[in-house]
Amino acid sequence: MVLSSVLGFPRIGAQRELKKTTEAYWAGKVDIAELERVGKDLRAQNWAKQQAAGVDIIPSNDFSYYDHILDLSLSLNIVAERYSKYNLSTIDTTFAMGRGLQREGVDVPANEMVKWFDSNYHYVRPTFSHSTAFKLNNTKAVDEYLEAKAQGIETRPVLIGPVSLLFLGKADKDSQDLEPISLLEKLLPIYADYLAKIAAAGAASVQIDEPILVLDLPENVQAAFKTAYEFLANYQATLPKITIASYFGDARPNLAAIKGLPVAGFHYDFVRVPEQLEEVAAALTPEQTLSVGIVDGRNVWKADFAKALKIVEAAKAKIGADRVVVATSSSLLHTPVTLENEIKLNPEIKDWLSFATQKLDEVVIIAKAATHGVESVAAEFAANAASIAARASSSITNDPAVRQRVESITADQIKRKSAFATRLEEQKKNLNLPSFPTTTIGSFPQTKEIRINRNKFTKGEITAAEYEKFIEQEIAEVVKFQEEVGLDVLVHGEPERNDMVQYFGERLKGFVFTQNGWVQSYGSRYVRPPIIVGDVSRPAPMTVKESKFAQSLTSKPMKGMLTGPVTCLRWSFPRNDISPKQQAQQLALALRDEVNDLEAAGIYVIQVDEPAIREGLPLRAGAERDDYVKYAVESFRLSTSGVEDKTQIHSHFCYSDLDPAHIKALDADVVSIEFSKKDDNKYIEEFSNYPNHIGLGVFDIHSPRVPSQEELEAKIQSIVGVYPKENLWVNPDCGLKTRKWDETKKQLTNMVNAAKIYREKYSS
Ligand SMILES: CN1c2c(nc(N)[nH]c2=O)NC[C@@H]1CNc1ccc(C(=O)N[C@@H](CCC(=O)N[C@@H](CCC(=O)N[C@@H](CCC(=O)O)C(=O)O)C(=O)O)C(=O)O)cc1
Ligand SMILES: N[C@@H](CCS)C(=O)O
Ligand SMILES: [Zn+2]
């Protein structure tokens, strides 16, 4: 019998219950008991849903109030003294580590937050030091397993594996010489003890995620798998059966490191890499199971049942039905909860889609077909084949004019008119900026009032004219504040935007968007990625009106603000019927028209944000990665190279260490980079000979914490020690949309004053 399995389910709730209650808790509007009640309710609903769908292997411990990697850090006491010293509750320590905490008697910044592989999910990076003393602080996985059991549902707890946990972490400030993987032997007894407790609670098996198996790993990390899993196999107490799960890529290059490990089975991602079946199956011992990840945990398209079943049948033929499991390719955390409430989607397109709840049925149907034959699910297979065929032949997907324009892209279109030195001179004359110029990354606080007004407009409760007037007032306030505080290059604040990608998706042909398709990005922040269904083009200017209005209010330069082609692609659900490169080129051409229109409207500083360019980088070095870098860079340049030399092109990156070579290849006049949480200046040293200008983020916008002016001066001081001061801009790490106004005002005042000190210091 072929079982069905799910690697993780979204925890946010179909109505974003988790966000609403968490934020209410932070605001002191609900207590911990209410937050925990909502958490428990969500877990119960998710388990019941999966049981009702007929899923055989249902996960537990996939729930988290903030981030599941952070939860494991807390369970294993990977908590720096700067947090533990306050003796906060587990949940408050979690939030302090996730988002920083500043209140009477407490002042601690957040831990670093980084991208989860190539997804738009962010995890809080475990930080290890010489003084890290592993111990079991809590038994979250046991508690949640027992909670499901009390509901009458047997689950398989999920944990991040010990090797991935260490490798994905970093050495803390005070222990820079520490290689986290060297702590494996200290970690394992505690990890094993945790597993023993899970077994003692009655769990027969666990899913241990080792997603780093799809990365290029140094030899000592490869060797760590043997050390870890042999230790667990020989542990003195009984442990649950272990399935090691890898996802988001090709595990074959690390197969030698896990072949023959004493575990019950492995899970691999066959949506991404179907061709790994032969080798991963051959690497199994005769008893080990193979979990075939065949329903996409990262996209919203219906699985092609016939295609999926072929892979499952091939696995069965190799190792026998009883050792094969049909699974989601990864956790479903990265997909929206359900299609059920999407009443506005064009029914033709809706029929092509599948969100987390619908994917449960897909896994069950494919497993049933593999167990009892296709006849047992003939109607489901026929309906699936019909919708796959309908999508393939639909006119919605193909626009000949767009295809033709992409075909005609020339080399001249991806090159600015002059080299940077010439452009710089023109821009100096045009913009007349001081040294250490200050700016922000674009968004200002998205207040409740803004969201309520947008909501009213969407529902037709206020007219377009009323909404526009409201937005103009917001822009005017943001401009006034920036003038008062003394910023040099102003922004309009993006009040008209719900999200930096969704906003563009809603204005471009070829996209559809959902009413409720939320996906967790980090903590309580969610996104509603638009879905690319067809060829992309720009029916009309998207941002010109707001930027032009903002410029009319000030004599300082106003920065136009666009989201770049690769970021629009990465933060949407992309098509899987044409290549990412084609989609990026289509987007780039649409944005090129927008950039040119902004310039024609008198906007001479234009920022094209590409924060997602790093996350799109294929996880392993090689031809695929080289190809990506080439088309990603060319797409950015295609969108920005149509302007005159006097127009200054900015770009912005956050959440990632983008390879300096790739940043340089973009040839933007100014790039702003997230920097405030970097512990050292190694990264920017690589830019010391780079002629184009860089703005380094001097404070963390994810945290409500206000850094003092002195702290910001010290940050600038450390930067000018290694980076040419003539080329330095001063700005926050990213946009301020998640902040409150009072925090923003204090943060920016301190930032501008700190920059002014340096401007004066080096004025002669
Ligand atoms: C910069 N980042 C982004 C990423 N991905 C994106 N797609 N966008 C990004 O900006 N990835 C990396 C980073 C970090 N990630 C994020 C992600 C999300 C946020 C964020 O602030 N999200 C908001 C939701 C934004 C949004 O779409 N808002 C809508 C809907 C607002 C809403 O809830 N309306 C209410 C009604 C009004 C009310 O009563 O409040 C409703 O519908 O019920 C809008 O503004 O119109 C979030 O709140 O999670 C930040 C960084
Ligand atoms: N312009 C955007 C960039 C976020 S990455 C903002 O300021 O929110
Ligand atoms: Zn950013």
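Each residue, glycine too, has its Cβ placed from N, Cα and C.
TrEMBL does not curate its annotations; it predicts them automatically.
TrEMBL names I441, G442, S443 as L-homocysteine ligands; from the candidate set D593, D597, D609, the record adds D609 to that same site.
Of the residues N120, N455, N681, N689, TrEMBL puts just one in the 5-methyltetrahydropteroyltri-L-glutamate site with K19, W571: N120. Using a 10 angstroms CA-CA radius around C734 (Zn(2+) binding site), none of the binding-site residues in K19, E494, W571 qualify.
Mean pLDDT of the predicted structure over the domain 'Cobalamin-independent methionine synthase MetE N-terminal' (4-318): 97. In this structure, the C-alpha atom of W571 (5-methyltetrahydropteroyltri-L-glutamate binding site) lies 14 angstrom from that of C654 (Zn(2+) binding site). Its Cβ taken as reference, K19 (5-methyltetrahydropteroyltri-L-glutamate binding site) is surrounded by 17 other Cβ atoms within 10 Å in the chains shown.
Here the Cα atom of E494 (L-methionine binding site) is found 22 Å from that of K19 (5-methyltetrahydropteroyltri-L-glutamate binding site). Checked against ligand 1, the binding-site residues N120, S443, W571, E674 give N120, W571 as the ones with a Cβ under 6 Å from it, listed in sequence order. N120 (5-methyltetrahydropteroyltri-L-glutamate binding site) falls outside any helix or strand according to DSSP and counts as coil. The subset of recorded positions (N120, C654, E674, H702) lying with their Cα within 10 Å of the Cα of S443 (L-methionine binding site) is empty, i.e. none. Long-range Cβ proximity for G442 (L-methionine binding site), meaning a same-chain Cβ under 8 A and a gap of 6 or more residues, is found for V491, G493, E494, M500, K559, M561, Q607, D609, H652, G735.
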